[in-house]
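Scroll down for the structure; my scribbles are underneath it.
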Amino acid sequence: MSSEKHMGSLPTIHHQSGRGRHDGATFMGVSMKHLSLLILLLQNSTLVLMMRYSRVNVDPDQPMYLASTAVFFAELIKLLACVFVLAYKTKSIPRTLYILRKDIIDQPQEILKMLVPSGLYALQNNLLYVALSNLEAATFQVTYQMKILSTAVFSVMMLNRRLTRQKWFALCLLMVGVTLVQLQNVGSKASPVVADSKEEEEFSSEGLEGSMGDELGDASLGDLVDEESGPVQNPFIGLVAVLTSCVSSGFAGCYFEKILKGAEADMWVRNIQLGLSGALFSFLAMFYDRQRIFEGGIFQGYTAMTWIVVANQALGGLLVAIVVKYADNILKGFATSLSIIISGIISVYFFDFEPSLQFQLGTLVVICSTYLYGRPDSAVPGFIRPTKK
């Protein structure tokens, strides 16, 4: 059982035993290894870019959709998808109902085990919307790699794992790279943002600083919108959100692995148990926006793009869980590096992002550290190995 988690959705459980027998697998003549790379790349890139676009491309006449409702609907879709897959596997509705009753209804203690990780992941999912409402997609992609550091630290503390010098060196590089990337935002103030440079307007910042406190108090986190200028982004809020999300992801992943170590259960049943807890916490999170929901409805601000983001968040993680067993750590790192580059290029052309020299250097350092961390530890050269006499 792997502790690998995917951005933007509650963790999807998958088994990785017997990886060797999958090495030559193909799908419609395409190597599953190459297909898994493509799917990982699309999941890592498209969710971030589409989520960013949906948060900044807001019609002045329409309200911003509420992040808490989007997370809740994503959990419902994921829950239904897991039930559907379980029914497809069993090929029997009565058999499916029996499994659901035996493993879920009759074993509430199993769902209780999921409360801590599912609650933390519900928090993480909401924070992702906050972060992408306030940070460029490329900046988010790079900074979000700090989840590697948090996961590594918690795995040492909670799972008694030992990291090699190579991995510690990679983590130090990661911190340096993320720091360089964030230097671009040092001194940046809250400012309006638009998604298309062709529709740029001159924004007046007079009085913006004085009103930020009131707006943050009245608006839902990640849903800050200036009535005349459109969405307003605050890099500091985005940074705090993404770092908190990284810590939450690392702790929840290691906690989840610790409580389920040695437990045997169907992966789809586990995902249903996790989805039930996640849906509960996501529903409770909507109480934060209850006033706005009462006034504008739960579907306020929803567009076709919003539903695409919700579906990607819900189903993308499940799809990755199915193919990730065909990808080794190097392939995952390669997909992450490519997604960072793609996000940067698209952000330049579609979001008027102007990467500084520090950002470019920091991105390169983060990509190198990601590759180095996932790379197998180098073997000790033969000429320095002690010889037996």
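Placed from the backbone N, Cα and C atoms, the Cβ positions cover glycine too.
Curation does not apply to TrEMBL; its annotations are automatic.
The annotation region 'Disordered' is assigned in TrEMBL to 1-20.
For 35-53 (among others), the entry in TrEMBL reads transmembrane segment.
Positions annotated as transmembrane segment by TrEMBL: 65-88 (among others). Residues 9-10, 54, 96, 99-100, 122, 125-126, 129-130, 133, 220-223, 266, 268-269, 271-272, 275-276, 278-279, 282-283, 285-286, 288-289, 292-293, 298-303, 306, 309-311, 313-315, 317-318 of the same chain, all 6+ positions outside the transmembrane segment (65-88), place their C-beta atoms under 8 angstroms from a C-beta of that stretch.
If you look up TrEMBL, you'll see 168-187 (among others) marked as transmembrane segment.
Residues or ranges marked as transmembrane segment by TrEMBL: 236-256 (among others).
A Cβ distance under 8 Å defines the sequence-distant neighbours of the transmembrane segment (268-288), meaning residues of its chain 6+ beyond its ends; these are 10-13, 66, 68-69, 71-72, 74-76, 78-79, 82-83, 85-86, 89, 99-100, 103-104, 110-111, 113-115, 117-119, 121-123, 125-126, 220-221, 260, 298, 318. What TrEMBL records for 268-288 (among others) is transmembrane segment.
The feature transmembrane segment is assigned by TrEMBL to 304-324 (among others).
Positions annotated as transmembrane segment by TrEMBL: 331-351 (among others).
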